[in-house]
Amino acid sequence: MAVWDILLHTAESYSLARRTGYTTIYQKVLAITPGDFIQFAVAMGFSNCPGAPQLQFMLGRPMPVAASLDGLIPEPFDAVDSSIERFADAGNFTPSHIIWLLNAHSVVAADEVDSTIPGTPFDSTPFILTVSSSLRLSSAAHCSQGENQGEVESPIMGELHLQSDSELPRDNRTACEWQSFVNNLERMQTLFPAAMATMAVIGQDTSQMVDCSDVVHILLLRALGFEPNVICPQIPITPPPQGTAHFPAGLGIADVEQACSTAMFPTLPTDPGPATYVAPVPPA
Ligand code: HEM
Ligand SMILES: [Ca+2]
């Protein structure tokens, strides 16, 4: 059975779990807790995107005891001050850590911000983890959306631009950090997984956890009835994108709102052709 077949079955189990109650299904079918499953899915999902570093996966989160309180997770319409405070509360994250983590939004599409257009990407390359910060500095907004709470107009047709992803790159505490990732894949590949490893174990006693980064597939195999001593493939590691960062067709340095006061935005080429349009991603 291929890894992808296993993932497919896991997705089906997940969907079943949502319908019938997490506790029973996670424990009896998946044999891991919801927290471990979510972190496992994150490690697998990100590690399969070209350009992505392999993420650590620690096993051993307990079953949840209660729903999270409202207001702990930053909303896209929150003020920058508030988002910074929430991350600081959660795990001593600095404003820079938030920017490191927000590299994740380079492989994301939104279903709920505007439910009439599910699968709308956050950048022009939703399947590639890119150091794509540049366009979030653009002010050449003309996209027809931008009418929902937490959403602002986007510089690219078909892209959904969050208010938080628009304001953090312009704030003087985070603008230079944001810009520092442009055309610097190595920086992203080092700092993003480091911050993810910290975030993934917030509130956990890591001395009671097991580092399963190299054996994540075994969990799935066991859940599907295979013996866990099967020799499993590693998390697939895809090659990074080649070449330098570039502006999507139709945009360039004139569209960049310079927000970092200590370094100029790098000079980048623009893709040839008509103005970029980003297609929605297929439904999950
Ligand atoms: C200021 C902090 C953040 C805000 C306000 C924010 C907000 C959002 C919103 C509104 C969505 C779209 C949800 C939808 O409509 O389906 C989203 C999606 C997503 N975000 Fe963030 N986010 C933040 C930080 C992060 C961080 C730190 C990560 C990971 C390191 C992350 C990873 C993702 C992922 C993977 C999705 C896609 C989820 C899916 O496909 O269902 N976000 N975020
Ligand atoms: Ca991308």
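Any Cβ shown, glycine's included, is placed from N, Cα and C.
Summary of the site annotation: TrEMBL records Ca(2+) binding at D123, T125. Screening the candidates S106, S115 against this entry identifies S106 as the one listed for that site. Looking up C176 in TrEMBL gives a disulphide bond to a cysteine among C49, C260, identified as C260. Nearest by CA distance to T125 (Ca(2+) binding site), out of the recorded positions H105, C176, C260, is H105. With a CB cut-off of under 6 A applied against ligand 2, none of the recorded positions H105, C176, C260 are retained. In this structure, the binding-site residues S106, T125 were compared by how many other Cβ atoms lie within 10 Å of their Cβ, and the smallest count belongs to T125. According to its DSSP assignment, C176 (disulfide bond) is helical. Close to C260 (disulfide bond) in the fold, though at least 6 residues off in sequence, lie A175, C176, W178, Q179, each with a CB less than 8 Å from its CB.
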